[in-house]
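Per Swiss-Prot, these features apply:
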- CYS16, CYS18, CYS38, CYS41: Zn(2+) binding site (BINDING)
Amino acid sequence: MKSGIHPEYVTTQVNCGCGNSFTTRSTRTSGQITVEICSNCHPFYTGKQKILDTGGRVARFEARYGRRKK
């Protein structure tokens, strides 16, 4: 491997909008990253995600192609 071509890999503090913070490693030289959503407040990870049948698309698909057999 060539020397001197790889970026410096430093410890970085990640701060979320919900107040959660954690430490990781990154090539970002400032040592700080601010994010809006993390795994503590994202609906997918918190279990608050809702799957909506928008406009009957699932029902229309099932009517065309039939229900999937389990």
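Residue numbering: from 1, along the chain as shown.
Yeah, the Cβs are placed from backbone N, Cα and C, and that goes for glycine too.
According to DSSP, CYS16 (Zn(2+) binding site) is assigned to a strand segment.
CYS38 (Zn(2+) binding site) falls within neither a helix nor a strand when secondary structure is assigned with DSSP, and so counts as coil. Counting other Cβ atoms within 10 Å of each Cβ, the binding-site residues CYS18, CYS38, CYS41 show the lowest value at CYS18. Sequence-distant neighbours of CYS16 (Zn(2+) binding site) (same chain, six or more apart, CB under 8 Å from its CB) are THR34, VAL35, GLU36, ILE37, CYS38, ASN40, CYS41, listed in sequence order. Within 8 Å of the centroid defined by the CB atoms of CYS16, CYS18, CYS38, CYS41, the record's Zn(2+) site, lie the Cβ atoms of GLY17, GLY19, ASN20, VAL35, GLU36, ILE37, SER39, ASN40, HIS42, excluding the listed residues themselves.
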